[in-house]
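Trainee: Before we start, here is the structure in question, set down as structure tokens.
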């Protein structure tokens with residue numbers, strides 16, 4: 001066989017199909033425009049709408065090399081020759097053009113004539129009832145019948161990629177590597193055997209059907225071809241390698257890993273696993289970060305975090321003591337940057353984010369591994385780790401569950417995942433409760449019942465803030481009632497409403513619902529099921545019956561303030577992407593009349609200069625008084641536009657686009673100002689971290705900004721008077737005061753230390769003797785923490801050998817203690833154990849090592865008892 005480099009194979013494939021009339025397209029993003037998928041998992045994913053028949057193809061023949069990512073078999077990566085997280089898929093696609101005959105013929109032609117793979121080493125498989133494909137292989141390609149296998153749905157049926165979508169029977173091509181070492185029946189080995197001898201290198205899917213969520217099949221509008229050829233596998237077999245990691249795709253990456261760790265590949269099997277894991281995950285990490293994904297605790301960010309932490313763990317197995325991925329990522333970028341220039345463009349970002357995540361995990365991993373190893377030793381031959389321990393490793397040490405499972409599986413131990421999930425859900429529920437948000441159980445039975453006869457509520461609030469409607473239904477608690485009285489808290493339903501229901505981060509409208517004999521305050525408005533909107537109200541006056549007509553009136557002042565903040569949120573999102581980078585993605589938002597909150601993916605705090613730039617950019621758009629243009633498009637049209645959207649959200653077939661000139665364009669169903677000038681003024685109050693990889697900006701607009709400025713003005717005026725300074729002198733004046741305070745605190749510490757050490761010589765001269773060791777116990781008062789510890793140090797030095805126990809009572813009746821034990825004496829008495837026992841008696845806690853410990857307690861009145869009975873607290 002002729003040797004081809006990976007670059008040549010990729011280029012030859014695309015050129016071959018270009019010659020066959022295919023349009024060559026660049027790889028689509030790893031982040032699909034598909035709410036069912038976290039990542040692009042196959043070459044056909046970007047073309048799902050075309051396969052479905054929802055979108056007409058611009059080209060009926062397309063060829064691509066698509067970057068893909070899968071993590072469903074992550075535990076196998078490194079342990080097998082062919083499992084990967086990131087991989088490339090070569091593809092040729094036909095949308096209602098050619099079908100089985102041409103697809104099979106061209107696959108064979110490329111493999112045997114272009115790449116020169118020996119025909120005798122190739123086998124084919126077809127779906128068990130696909131006689132047409134079988135006959136093409138037999139009669140047209142001339143493969144011997146015994147080399148054409150019929151398989152069932154598990155092997156030779158592809159799709160859908162997600163819960164629903166296009167699918168169909170497929171035909172696969174296998175390469176015979178001749179590797180029979182693992183085969184139990186070498187003479188009769190075929191691709192049906194899973195020994196690893198035969199490698200699937202090509203899959204032609206005859207996409208003829210659509211599968212719904214129940215697995216029901218219906219014919220697609222046209223018959224299509226979807227070819228997926230594993231690039232890594234083709235490179236390996238073309239280059240005469242059994243293992244993908246031995247191909248030139250991984251050569252430089254593995255060489256760099258060997259250089260960093262001083263290890264050799266293919267010498268030690270367990271080290272080979274770690275080398276392969278790091279090589280594979282480095283590619284995935286580089287591509288994910290280049291797509292703007294940041295490590296976090298959910299979604300795509302969680303996958304990235306898992307990959308980095310799994311790579312770090314395998315680095316630690318190769319004796320890494322700190323971050324090491326940077327130069328490996330550099331090698332990945334150098335190797336693949338020519339094909340995927342986004343890697344070169346985002347190189348600094350890739351290395352920065354990876355380094356920060358590595359550094360963070362290295363800080364906790366050693367303690368986490370120590371904790372896990374201790375737990376394993378104490379399992380006493382049990383084969384299941386309690387879920388609460390796995391949760392502790394996740395919550396305290398940052399160990400993703402699958403990493404804990406992988407480490408334990410190496411020792412034959414499982415995890416109680418049910419208990420882990422219960423604890424995780426409990427933590428999330430506590431977080432939800434702490435948020436104070438009104439929660440609706442959309443699955444409660446009464447909502448399921450009304451869903452059967454109520455139609456979706458029409459929202460008319462884009463154009464109207466009031467309307468007269470007929471009450472369709474009244475719910476009180478969990479029951480439908482015919483009427484309700486003053487003081488009742490009920491839910492009202494109408495065919496139409498001007499009240500905005502909470503969604504997309506925007507809070508619901510407030511207001512009133514009334515008629516001549518009835519008045520209710522609107523507390524909350526929420527869509528419950530299938531766009532049916534519930535109005536939670538408190539009856540202030542009178543009573544209400546089913547079928548009555550009432551007037552619905554939105555609080556206009558609150559609505560207008562909310563609109564200002566919502567439009568400002570769009571401006572903020574775009575400004576962040578312009579100032580910080582396009583990796584910024586919305587991670588959440590809260591838009592209310594009083595303020596706005598915007599959560600976004602980013603790996604470090606914003607600088608003051610960046611915050612100023614963002615504020616300036618937004619206020620510049622406000623001053624321009626730009627019209628806010630709102631229009632409707634089909635979802636597929638919107639996806640092809642330069643529009644910001646959370647495509648993992650579920651949108652309808654028609655979407656609403658909010659456009660602010662060329663500065664911002666987002667999919668949004670919320671309410672907005674008609675002109676940016678209405679916002680008035682935008683001011684950032686705070687920028688903070690809410691979780692790893694996610695930051696939050698809180699801001700205000702309009703009159704709230706004016707009130708804020710007025711309040712600051714008042715504070716500055718008062719400060720100026722208090723300091724007897726002009727405003728521009730205030731910073732210098734405060735700096736001078738702080739400097740004076742710092743100097744005085746230093747003097748106080750020195751005086752405290754002098755007073756504390758005054759009696760040291762006397763204490764050292766009259767120690768107690770316990771079990772042959774000198775012990776000094778004393779109580780001091782109101783010492784600074786470092787003075788307290790230093791005093792104990794000096795006292796032990798004076799003592800020479802023995803134990804020093806110093807209590808320090810503060811003004812708030814709390815007590816702290818320091819225990820110091822000389823090295824020789826630590827064989828008899830343990831400082832940490834002494835501190836723990838005393839602290840427990842004093843109603844507190846603490847501890848430390850054999851020679852030094854600190855603790856505290858709340859029962860200062862018990863210190864005297866401890867001193868009098870110190871023998872009882874001396875622990876080995």
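Heads up, the Cβ atoms here are built off N, Cα and C, so glycines get one too.
Straight out of Swiss-Prot:
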type	residues	note
BINDING	566, 570, 668, 672	Zn(2+) binding site
Trainee: Enter the number of other CB atoms within 10 angstroms of the CB of residue 668 (Zn(2+) binding site).
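Mentor: Counting Cβ neighbours of residue 668 (Zn(2+) binding site) within 10 Å gives 24.
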Trainee: Just to be sure I understand the packing, how many Cβ atoms besides its own are within 10 Å of the Cβ of residue 566 (Zn(2+) binding site)?
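Mentor: The Cβ of residue 566 (Zn(2+) binding site) has 26 Cβ neighbours within 10 Å.
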Trainee: Taking only same-chain residues 6+ apart in sequence, whose CB is under 8 Å from that of residue 672 (Zn(2+) binding site), what do you get?
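Mentor: Within the chain, residue 672 (Zn(2+) binding site) has Cβ neighbours under 8 Å at 563, 566, 567, 570, 628, 630, 658.
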Trainee: What does DSSP call residue 570 (Zn(2+) binding site) in the simple three-state scheme?
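Mentor: The residue in question, residue 570 (Zn(2+) binding site), is helix (DSSP, three-state).
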Trainee: How many other Cβ atoms sit within 10 Å of the Cβ of residue 570 (Zn(2+) binding site)?
Mentor: 26
Trainee: Neighbours of the Zn(2+) site 566, 570, 668, 672: Cβ within 8 Å of the Cβ centroid, same chain, sequence order.
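Mentor: Result: 563, 567, 569, 628, 658, 666, 670, 671.
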